[in-house]
Amino acid sequence: MATLQEKLITPIVAGSTTPNNKITVVGVGQVGMACAISILGKGLCDELALVDVLEDKLKGEMMDLQHGSLFLQTHKIVADKDLRVTANSKIVVVTAGVRQQEGESRLNLVQRNVNVFKFIIPQIMKYSPNCTILVVSNPVDILTYVTWKLSGLPKHRVIGSGCNLDSARFRHLMAEKLGIHPTSCHGWILGEHGDSSVAVWSGVNVAGVSLQELNPAMGTDKDSENWKEVHKMVVDSAYEVIKLKGYTNWAIGLSVADLIESYVKNLCRVHPVSTMVKGMYGIENEVFLSLPCVLSASGLTSVINQKLKDEEVAQLRKSADTLWSIQKDLKDL
């Protein structure tokens, strides 16, 4: 006897079983779920996979999102602690790891998270060998390097979320001070996503007008308007939010979706993300730092040769040295 489905639907041809734009988020903590909802809100995938070691939390998050699928463009949301569920992913977003504690430097997190990655990354490659990996876990620059080493992927397919959020914070804070919209205020934070990041004051502009030409002391200790404080606020902002609410999640989630949109839609937009910088600006070691990079459907396709002042280059090299001093001691990569 025919089922209700058979009575209702007459099949014409077998549907596709392989997703076109499958995205996986590894880690369903505060950051992972903020990434997931931001990706879904932009309609960037036809299938979303969630992975975590906490089964009840994982199932609960999956069900909660599934119940909202009527209001989304993505109806297939799956989850499992087994990374097999990630098979055929186009992008894998890695947010897994131990959480940064109040007052803890991102660099202090490194060894605990390296051990987590040694399990996750080989599994990702087993099930999605053609994927691009976007690393979000902190310290993001070192863990992007770790991912690159463990995955065996070419460097254009391993990207760190890097200073995309730092630059957004920078533009927001400057725009507030100037009374204009952040999209009209252009500025870049490069280097480490963290305490040694570099504010490129020489490139800050509004409508093409260099702010440093209007105020040559901008970003220095001699500046009566104390614009240097804006960069300090960028560096301290994550610590401030963690102090107030215990973690950061919404801004990084939105930032990650912004990066994925450039990839999925082949937009060729320029983002400050973490990439392998050996040979650039006199950096001699294999470190990942944020530089302005073009993101397209092929991954991270090129780096913009931003004209930096000597002191900015020196800061960038110092940022590289800071990371290498920890990276060089990592074992089993």
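Every residue number used here counts from 1 along the chain in the order it is shown.
Backbone N, Cα and C atoms are what each Cβ position is placed from, and that goes for glycine too.
Copied over from Swiss-Prot, here are the features:
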type	residues	note
ACT_SITE	HIS193	active site, proton acceptor
BINDING	29-57, ARG99, ASN138	NAD(+) binding site
BINDING	ARG106, ASN138, ARG169, THR248	substrate binding site
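Feature map: annotations from Swiss-Prot on the structure.
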residue	record	DSSP class
GLY29	NAD(+) binding site	coil
GLY41	NAD(+) binding site	helix
ALA49	NAD(+) binding site	strand
ASN138	substrate binding site	coil
ARG169	substrate binding site	helix
HIS193	active site, proton acceptor	coil
THR248	substrate binding site	coil
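For LYS57 (NAD(+) binding site), the nearest neighbour among the listed recorded positions (ARG169, HIS193, THR248), judged by C-alpha distance, is THR248. In space, THR248 is the closest of the recorded positions ASN138, ARG169, HIS193, THR248 to GLY41 (NAD(+) binding site), judged by Cα positions.
Between the CA atoms of CYS45 (NAD(+) binding site) and THR248 (substrate binding site) there is a gap of 24 Å, rounded to the nearest whole number. Taking every protein chain shown into account, ILE37, CYS45, ALA49, VAL53 are the binding-site residues, and of these the Cβ with the most other Cβ atoms within 10 Å belongs to ALA49. Sorting the recorded positions LYS57, ARG169, HIS193 by the number of other Cβ atoms within 10 Å puts HIS193 first. LYS57 (NAD(+) binding site) falls within a helix when secondary structure is assigned with DSSP. Taking ASN138, HIS193, THR248 as the recorded positions under consideration, the smallest Cα distance to GLY29 (NAD(+) binding site) is found for THR248. Checked against MET33 (NAD(+) binding site), the recorded positions ASN138, ARG169, HIS193, THR248 differ in C-alpha distance, with THR248 being the nearest. Cβ neighbour count for ASN138 (substrate binding site): 29 (other Cβ atoms within 10 Å of its Cβ, all protein chains included). Taking Cβ-Cβ distances under 8 Å and a sequence gap of 6 or more within the same chain, the neighbours of THR248 (substrate binding site) are GLN30, VAL31, ALA238, VAL241, ILE242. Listed in sequence order, the recorded positions near ASN138 (substrate binding site) (C-alpha within 10 Å of its C-alpha) are HIS193, out of ILE37, ALA49, VAL53, HIS193.
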